[in-house]
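In what follows, a structure is listed as structure tokens, so that the remarks can point back to it.
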């Protein structure tokens, strides 16, 4: 997505730059004509003033075009730099994923010796033994007898549990008789 939008911006900036180049060529033609032209005595002053005004207007438009061209060039440079940085980050990411330490298989130690590890050291999944849960099998599943005082069913782990109390008992751990 980033590459598509960057390509569109580059295309737009390039088209604006081409337009500015065309205006610069017109400016050069106007300047050549004004330098080589001689005014005969028959030309009225108002015609000369109109020509000078037209030349001034064209020069002003070309100057504005030059400013736009410089802005476009600066934006193109920024876009190219941004694309280079994105490509460099992508290359570093790909090289990091393929490094030998990331391809090394995980083992029982990665699952706290409480499950089977599947994957590599960088990305792995633990299939925990019965009674354990968590990303690395670090949590113990709660015990209804111990954690709910034997008066309800325990759901969750010892760190985060919920007791579904039997009739006649209430409380977070079914500790209160009704």
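Our numbering is plain: 1 for the first residue shown, then up by one each step along the chain.
Including glycine, each Cβ sits where the backbone N, Cα and C put it.
What TrEMBL records for 52-63 is compositional bias 'Basic and acidic residues'.
Taken from TrEMBL, the feature disulfide bond applies to 128-137 (among others). Non-local neighbourhood of residue 128 (disulfide bond): 111, 114, 115, 134, 137, each in the same chain, at least six residues away, with C-beta under 8 Å from its C-beta.
Other Cβ atoms within 10 Å of the Cβ of residue 174 (disulfide bond), summed over all protein chains shown, number 22. As annotated by TrEMBL, disulfide bond applies to 165-174 (among others).
Across the domain 'EGF-like' (102-138), the model assigns an average pLDDT of 90. The domain 'EGF-like' annotation in TrEMBL covers 102-138 (among others).
The domain 'EGF-like' feature in TrEMBL is assigned to 139-175 (among others). With a threshold of 8 Å between CB atoms, the same-chain residues lying at least 6 positions outside the domain 'EGF-like' (139-175) that come near it are 130-133.
The region 'Disordered' annotation in TrEMBL covers 44-67.
According to TrEMBL, the feature signal peptide maps to 1-20.
Cβ neighbours of residue 165 (disulfide bond) (same chain, under 8 Å, six or more residues apart in sequence): 148, 151, 152, 171, 174.
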